[in-house]
(Lines of atoms letter the chains of each structure in order from A; the text may use other names.)
(Lines give C-alpha, C1' and ligand atoms only; values in the text may rest on other atoms or scores of the structure.)
Protein backbone atom coordinates (compact mmCIF):
# COMPACT_ATOMS: atom_id res chain seq x y z
CA UNK A 1 0.00 0.00 0.00
CA UNK A 2 1.27 3.44 -0.95
CA UNK A 3 1.54 6.00 1.86
CA UNK A 4 -0.63 9.05 1.35
CA UNK A 5 2.32 11.41 1.83
CA UNK A 6 4.07 9.80 -1.16
CA UNK A 7 1.09 10.13 -3.46
CA UNK A 8 1.24 12.74 -6.17
CA UNK A 9 -0.83 15.81 -5.38
CA UNK A 10 -3.76 14.87 -7.59
CA UNK A 11 -7.41 15.41 -6.88
CA UNK A 12 -8.57 11.81 -7.01
CA UNK A 13 -12.19 12.90 -6.58
CA UNK A 14 -12.11 15.09 -9.69
CA UNK A 15 -10.50 12.26 -11.67
CA UNK A 16 -13.58 10.16 -10.86
CA UNK A 17 -15.86 13.17 -11.37
CA UNK A 18 -17.07 12.79 -7.79
CA UNK A 19 -17.74 15.08 -4.88
CA UNK A 20 -15.52 14.56 -1.79
CA UNK A 21 -18.68 13.86 0.22
CA UNK A 22 -19.62 10.93 -2.06
CA UNK A 23 -19.98 7.55 -0.41
CA UNK A 24 -18.10 4.42 -1.51
CA UNK A 25 -21.08 3.17 -3.51
CA UNK A 26 -21.27 6.39 -5.55
CA UNK A 27 -17.52 6.38 -6.07
CA UNK A 28 -17.67 2.78 -7.28
CA UNK A 29 -20.40 3.61 -9.82
CA UNK A 30 -18.37 6.51 -11.21
CA UNK A 31 -15.25 4.36 -11.32
CA UNK A 32 -17.00 1.54 -13.18
CA UNK A 33 -18.49 3.91 -15.74
CA UNK A 34 -15.16 5.64 -16.41
CA UNK A 35 -13.05 2.49 -16.41
CA UNK A 36 -15.25 1.00 -19.15
CA UNK A 37 -15.10 4.22 -21.14
CA UNK A 38 -11.29 4.46 -21.05
CA UNK A 39 -10.32 0.77 -20.98
CA UNK A 40 -7.68 0.11 -23.68
CA UNK A 41 -9.58 -2.93 -24.97
CA UNK A 42 -12.70 -0.80 -25.50
CA UNK A 43 -11.00 1.75 -27.78
CA UNK A 44 -11.76 1.80 -31.47
CA UNK A 45 -8.97 0.55 -33.75
CA UNK A 46 -9.14 3.62 -35.99
CA UNK A 47 -8.32 6.08 -33.17
CA UNK A 48 -4.98 7.94 -33.60
CA UNK A 49 -2.07 6.61 -31.49
CA UNK A 50 -1.85 9.81 -29.42
CA UNK A 51 -5.49 9.52 -28.44
CA UNK A 52 -5.01 5.87 -27.45
CA UNK A 53 -2.08 6.87 -25.21
CA UNK A 54 -4.20 9.60 -23.60
CA UNK A 55 -6.94 7.05 -22.93
CA UNK A 56 -4.43 4.63 -21.40
CA UNK A 57 -3.08 7.40 -19.13
CA UNK A 58 -6.62 8.36 -18.13
CA UNK A 59 -7.40 4.67 -17.49
CA UNK A 60 -4.35 4.41 -15.20
CA UNK A 61 -5.35 7.58 -13.29
CA UNK A 62 -8.91 6.32 -12.85
CA UNK A 63 -7.59 3.01 -11.53
CA UNK A 64 -5.23 4.82 -9.11
CA UNK A 65 -8.10 7.02 -7.90
CA UNK A 66 -10.22 3.95 -7.19
CA UNK A 67 -7.37 2.18 -5.36
CA UNK A 68 -7.17 5.15 -3.00
CA UNK A 69 -10.84 6.13 -2.69
CA UNK A 70 -12.27 2.61 -2.86
CA UNK A 71 -10.48 1.53 0.31
CA UNK A 72 -11.81 2.98 3.57
CA UNK A 73 -8.37 3.29 5.18
CA UNK A 74 -6.58 4.95 2.25
CA UNK A 75 -9.62 7.16 1.57
CA UNK A 76 -9.58 8.34 5.19
CA UNK A 77 -5.83 9.07 4.99
CA UNK A 78 -6.29 10.92 1.70
CA UNK A 79 -9.21 12.95 3.07
CA UNK A 80 -7.19 13.94 6.14
CA UNK A 81 -4.27 14.97 3.93
CA UNK A 82 -6.61 17.05 1.72
CA UNK A 83 -8.01 18.73 4.82
CA UNK A 84 -4.52 19.56 6.09
CA UNK A 85 -3.48 20.86 2.67
CA UNK A 86 -6.59 23.06 2.60
CA UNK A 87 -5.78 24.39 6.07
CA UNK A 88 -2.19 25.14 5.08
CA UNK A 89 -3.53 27.21 2.19
CA UNK A 90 -5.87 29.18 4.46
CA UNK A 91 -3.16 30.91 6.43
CA UNK A 92 -0.32 30.65 8.89
CA UNK A 93 -0.35 28.51 11.99
CA UNK A 94 -1.34 30.55 15.06
CA UNK A 95 0.31 28.30 17.65
CA UNK A 96 2.00 24.96 18.20
CA UNK A 97 0.33 22.85 20.86
CA UNK A 98 1.23 19.46 22.28
CA UNK A 99 -1.63 16.99 22.40
CA UNK A 100 -0.95 16.52 26.10
CA UNK A 101 -1.73 20.23 26.66
CA UNK A 102 -5.26 19.79 25.33
CA UNK A 103 -8.21 18.84 27.54
CA UNK A 104 -10.08 15.55 27.16
CA UNK A 105 -13.84 15.53 26.54
CA UNK A 106 -15.17 12.18 27.73
CA UNK A 107 -18.60 12.83 26.19
CA UNK A 108 -17.47 12.81 22.57
CA UNK A 109 -14.06 11.18 23.08
CA UNK A 110 -12.07 14.11 21.76
CA UNK A 111 -9.31 16.46 22.77
CA UNK A 112 -10.10 20.17 22.77
CA UNK A 113 -8.50 23.53 23.42
CA UNK A 114 -10.21 26.89 23.77
CA UNK A 115 -9.42 29.47 21.13
CA UNK A 116 -8.92 33.14 21.94
CA UNK A 117 -12.09 33.94 19.95
CA UNK A 118 -14.21 31.83 22.30
CA UNK A 119 -14.47 28.88 19.91
CA UNK A 120 -12.54 25.67 20.27
CA UNK A 121 -10.09 23.42 18.51
CA UNK A 122 -11.12 19.79 18.73
CA UNK A 123 -9.82 16.51 17.41
CA UNK A 124 -10.97 12.93 18.02
CA UNK A 125 -8.63 10.45 19.65
CA UNK A 126 -8.21 8.55 16.35
CA UNK A 127 -7.58 11.69 14.29
CA UNK A 128 -5.07 13.01 16.85
CA UNK A 129 -2.58 10.37 15.69
CA UNK A 130 -2.81 11.46 12.06
CA UNK A 131 -3.56 15.17 11.77
CA UNK A 132 -1.09 17.93 12.39
CA UNK A 133 -3.30 20.98 11.81
CA UNK A 134 -6.59 21.80 13.53
CA UNK A 135 -8.83 24.74 12.73
CA UNK A 136 -10.98 26.58 15.23
CA UNK A 137 -14.68 25.78 14.94
CA UNK A 138 -15.55 29.49 15.05
CA UNK A 139 -12.77 31.58 13.50
CA UNK A 140 -10.03 31.08 10.92
CA UNK A 141 -7.19 30.40 13.37
CA UNK A 142 -5.21 27.18 13.02
CA UNK A 143 -2.99 25.35 15.49
CA UNK A 144 -0.33 22.77 14.78
CA UNK A 145 -0.68 19.63 16.87
CA UNK A 146 2.61 18.25 18.20
CA UNK A 147 3.38 14.95 19.93
CA UNK A 148 6.06 14.22 22.52
CA UNK A 149 8.45 11.59 21.17
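Each residue, glycine too, has its Cβ placed from N, Cα and C.
What Swiss-Prot records for this protein:
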- 11-82: domain 'J' (DOMAIN)
- 93-148: domain 'DPH-type MB' (DOMAIN)
- 115, 117, 136, 139: Zn(2+) binding site (BINDING)
**Message:** Radius 10 Å, atoms counted are CB only; among the binding-site residues 115, 117, 139, which position scores highest?
**Reply:** 115
**Message:** Counting by DSSP secondary structure, give me helix, strand and coil numbers for the domain 'DPH-type MB' (93-148).
**Reply:** 7 helix, 25 strand, 24 coil
**Asked** With a radius of 8 angstroms around the mean position of the C-beta atoms of 115, 117, 136, 139, what other residues of the same chain does the Zn(2+) site pick up?
**Response** 116, 118, 119, 120, 121, 137, 138, 140, 141
**Under 8 Å by Cβ from residue 136 (Zn(2+) binding site), same chain, sequence gap 6 or more** = 115, 117, 119, 120, 121, 142, 143
**Prompt:** So what's the average pLDDT for the domain 'DPH-type MB' (93-148)?
**Reply:** 89
**Request:** Sort the residues of the domain 'J' (11-82) into helix, strand and coil with DSSP and give the three counts.
**Result:** 55 helix, 0 strand, 17 coil
